[in-house]
Amino acid sequence: MAQRTAIALLSGGLDSATAAALAQEAGDRVIGLSFDYGQRHRRELKAAAKVAAHLNLAEHHQVDVNLGAWGGSALTDPNQTVPTSGVEEGVIPVTYVPGRNTVFIAIGLSLAEARGAERLVLGVNAVDYSGYPDCRPDYLDAFQTLATLSSKAGREGHGPQLWAPLVQWSKTKIVDEALRLGVPIGETWSCYSGGSRPCGVCDSCRIRDSALREAGRPDLCSNAEG
């Protein structure tokens, strides 16, 4: 039986790295796909390259999609401030990037169909990540329908399937799985700020560091002080 091919959206963060490693564990030939979208934290692209090399991915592509050209998010607009006050329940945060996952998944599906890949691997997490509308199960279900209807492969009955194994997991479980799989957590990048070191105070750093402490790995926290 031929090895299944999967396209993994690889941001350079912990979640996407863990999802890619899970696909490899399932026996997939994994192709990584990363995006320079004008994000202030471009440091994550270096992390994505390191993760791809560590996992020995079959291919790794970086695509330029300048969503920062029109801003609309604290991650792409230097005039907006990245929040450090914690996640506010029921409020979509200013770190939401308009249309980001829709654009990324669409490009991922294009690559998947071109490569004959059976699935598209996503590291989205609806439980911990601030309630972004494009990280939720209903969004993924709707996009799967779109993917099936909008592609030649889908119309022929063998279109790529969206696979988001982390979508209902706690961040602590993701850390535990990353450790089990040998994901190079120290090489991943989750911080929203544009500095050379994680800030330790943005929402993403807070969630990550809390999970690392719960998993007994404070040495991997932003400030490595536990």
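One is the number of the first residue shown, and numbering goes on along the chain from there.
Cβ coordinates are placed from backbone N, Cα and C, and glycine is handled just like the others.
Under the heading ATP binding site, Swiss-Prot lists Leu10, Ser11, Gly12, Gly13, Leu14, Asp15, Ser16, Ala17, Thr18, Ala19, Ala20, citing sequence analysis as support. Per Swiss-Prot, the feature Zn(2+) binding site maps to Cys191, Cys199, Cys202, Cys205; the stated evidence is sequence analysis.
Known features from Swiss-Prot, placed on the structure.
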residue : record              : contacts (Cβ under 8 Å, 6+ apart)
Leu10   : ATP binding site    : Ser16, Ala17, Ala20, Gly32, Leu33, Ser34, Ala48, Val51, Ala52, Leu57, His60
Gly12   : ATP binding site    : Ser34, Arg43, Glu44, Leu45, Lys46, Ala47, Ala48, Ala49, Lys50, Val51, Thr188, Trp189
Leu14   : ATP binding site    : Ile174, Val175, Ala178, Val183, Ile185, Thr188, Ser190, Arg208
Thr18   : ATP binding site    : Gly123, Leu166, Ile174, Glu177, Ala178, Leu181, Val183
Cys191  : Zn(2+) binding site : His41, Arg43, Pro198, Cys199, Gly200, Cys202, Ser204, Cys205, Ser222
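Neighbour count (other Cβ atoms within 10 Å of the Cβ, all protein chains): 18 for Cys199 (Zn(2+) binding site). In the three-state DSSP scheme, Cys191 (Zn(2+) binding site) is classed as coil.
Cβ-based crowding with a 10 Å cutoff singles out Ala20 as the top-ranked of the binding-site residues Ala20, Cys202, Cys205.
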